[in-house]
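Colleague: As annotated by Swiss-Prot, region 'Disordered' applies to 1-38. The feature compositional bias 'Pro residues' is assigned by Swiss-Prot to 12-24. Residues or ranges marked as compositional bias 'Low complexity' by Swiss-Prot: 25-37. According to Swiss-Prot, the feature transmembrane segment maps to 89-109, an assignment based on sequence analysis. Among the features that Swiss-Prot reports, domain 'N-acetyltransferase' is placed at 115-258.
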Amino acid sequence: MTYRGTRKSPCCSPPPRCGPPLPSGPAGSALGPPSSGAEEEMTKEQVYLREFQPADQEFARRIFYEGIKERILSSAFRGLKYQPLLQSVYAVIIIMCFVVTKSLLVTCCMPLFLLGMRYYYSRKIILNHLECALRTDMSDIEQYYMKQPGSCFWVAVLEGKVVGIVAARGNEEDNVVELRRMSVDSNYRGKGIAKALGRKVLEFAMLNHYSSIVLGTTAVKIAAHKLYESLGFKHVGVVEHHIVPGMTHSLLERLFFQLRYHRYCLQLREE
């Protein structure tokens, strides 16, 4: 069977295919294909993974948008836990507030003000970042992923509804593929959908003979990092004060918004 998703030819030329079906497994296998020769794979929750189709565009954009938007709160509040320097700065500000105002009421309100400013800047920057993504690769998934050599985009479908997305973007020079845009509808999490999507990218990388898979994330939630580790990824570094589109680098922005960018890698074979 000819595989249409190699790195030397567009992976999704009509009819769209980014890879062959998984090898046949025992009947009723949780991750095995539903029938011989079928494209989709099925999880135990009856979730099918298939290639992106043009009709999925708005559903995929919605899932991506809502998934990133969730990071507003986590970046503003939970992220402070991993920013000891800012914690110290805020403590000094609160102390100075009391020294200057001599007001216990004003001083007690200062932490709420600081958290409010963190939320404001987190929302402002993340929404700007989202708009940038929606104007670039997520504006035309078909063109950016399905028609590019070594790239592909998949959706997870449950009962006819798109509930999850993931993309793979190949880099032939480094012989690596990047796992991108993974997100699952918040109403359908905890069903193993994200792990199945991640495995789809692993399968794609192996079939295309890439040496490794890389990904980067600013996610604060521990569950996201545990997911990558469960797929075999190794944490290879973190970039403090990560810059995203939409940032102005102002003093107030640096004071109330910081991102940590985690890099992961899964080595498939030695070069």
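Cβ coordinates come from backbone N, Cα and C, glycine included.
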Colleague: Could you give me the DSSP helix, strand and coil counts for the domain 'N-acetyltransferase' (115-258)?
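Modeller: Grouping H, G, I as helix and E, B as strand yields 63 helix, 41 strand, 40 coil.
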Colleague: For the domain 'N-acetyltransferase' (115-258), what's the model's average pLDDT?
Modeller: 92
